[in-house]
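**Student:** Structure in structure tokens, see below.
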Amino acid sequence: MHYCVLSAFLLLHLVTVALSLSTCSTLDMDQFMRKRIEAIRGQILSKLKLTSPPEDYPEPEEVPPEVISIYNSTRDLLQEKASRRAAACERERSDEEYYAKEVYKIDMPSFLPSENAIPPTFYRPYFRIVRFDVSSMEKNASNLVKAEFRVFRLQNPKARVPEQRIELYQILKSKDLTSPTQRYIDSKVVKTRAEGEWLSFDVTDAVHEWLHHKDRNLGFKISLHCPCCTFVPSNNYIIPNKSEELEARFAGIDGTSTYTSGDQKTIKSTRKKNSGKSPHLLLMLLPSYRLESQQSNRRKKRALDAAYCFRNVQDNCCLRPLYIDFKRDLGWKWIHEPKGYNANFCAGACPYLWSSDTQHSRVLSLYNTINPEASASPCCVSQDLEPLTILYYIGKTPKIEQLSNMIVKSCKCS
């Protein structure tokens, strides 16, 4: 009797060891892709809090330019962030709202004069002031998730220095002579003579303050990092510094200050070339009807370690390409832009060895034996995900939304 019990136990032990070496149940690639496509269908509707796709309406002959501008700015901003994370091997914040956020664009009032106007005679060589009217968003102040200030740096071939460190400040309302007049936000090193580029700054705190206290909205100041004095150790002298002029030029801010009143041709050319590049704010807000879901529907992501920044072996867990065409794969015509996107998915084997130092290895093996359909051993899953910006129509109303965690960028065994 004891011999039979012992034999049965040894057999069970060998079976569980064999099972513990396996990974998730394997799927053929076609089936895996079909499941991924259906998951994306449900994911998009869920993030938009829709139970079914909007009714099909005839596509508009022409999308309003301001709508396209918001869509392009949001898409470009996300691409810039993704490039920076890839270069530095970083991750986004661990807490990211699961549901889609509405995106609003607020342009800075144009400083370019009309054709017959005389350009302003004053010029601030050491800094620039940028102001925005956010009063229209005050009713949604509590829904603000993020605010980005974007300004396009122009190429300045006549710059006296090739590189400058520019700083962004929030202008403060002075209570008295001793109170600060500005608050530092961020800085960037720019190449003054290089091709133009978009610069982005996180100004969430400043805009949040403006939405709650309208009288504190005095705008932003772009200036140089310039210490007021230099200490000379050899003779203990303190030499006052002459302020360095701001050589960086910005679309929508600079352009008329150096022109004469007769240079109307240059003004016209500048206006046309820099069209769509004026400074603006991108505000991302969680709609009120999704605010309640924000607390209970967040997805947490692990921090990306340097160990994960490697090239996966093709046979093992790695990133697999998958392009989703909204019309072909989902049968949807209501998403205007983009027409599709690279969703990708994770697949491949995850080696899993029996280890005596695994605290619950025997428990997990027994669990596998009792429930072979479930997986207690590592599976190939998504690690880094990026958001997707879409432009769609509900009826004849255009809407722009940012959908988080839609693009799989890397995988891991977990």
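Cβ atoms here come from the backbone N, Cα and C positions, even for glycine.
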**Student:** What is the disulfide partner of C411 among C229, C309, C346, as given in Swiss-Prot?
**Tutor:** C346
**Student:** Of the residues C318, C350, which one does Swiss-Prot pair with C413 through a disulfide?
**Tutor:** C350
**Student:** Which of C229, C379, C380 is the other half of the disulfide bond that Swiss-Prot records for C317?
**Tutor:** C380
**Student:** Could you state the whole-number distance in Å separating the C-alpha atoms of N140 (N-linked glycosylation site) and C317 (disulfide bond)?
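**Tutor:** With the alpha carbons as reference points, the distance is 44 Å.
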**Student:** Work out the three-state DSSP category of C317 (disulfide bond).
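**Tutor:** Once the DSSP labels are grouped into three classes, C317 (disulfide bond) ends up as coil.
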**Student:** Distance check, please: Cα of C317 (disulfide bond) against Cα of C413 (disulfide bond), rounded to an integer number of angstrom.
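**Tutor:** That separation, Cα to Cα, works out to 7 Å.
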**Student:** Please list, in sequence order, the residues in the chain of C346 (disulfide bond) that are at least six apart in sequence and whose C-beta is under 8 Å away from its C-beta.
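**Tutor:** Listed in sequence order: C317, C318, L319, R320, C380, V381, S382, V408, C411.
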**Student:** Do you know offhand how many angstrom separate C413 (disulfide bond) and N72 (N-linked glycosylation site) by C-alpha?
**Tutor:** 35
**Student:** Measure from the CA atom of C350 (disulfide bond) to the CA atom of N72 (N-linked glycosylation site) and give the result in Å, rounded to a whole number.
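**Tutor:** Here the two Cα atoms are 39 Å apart.
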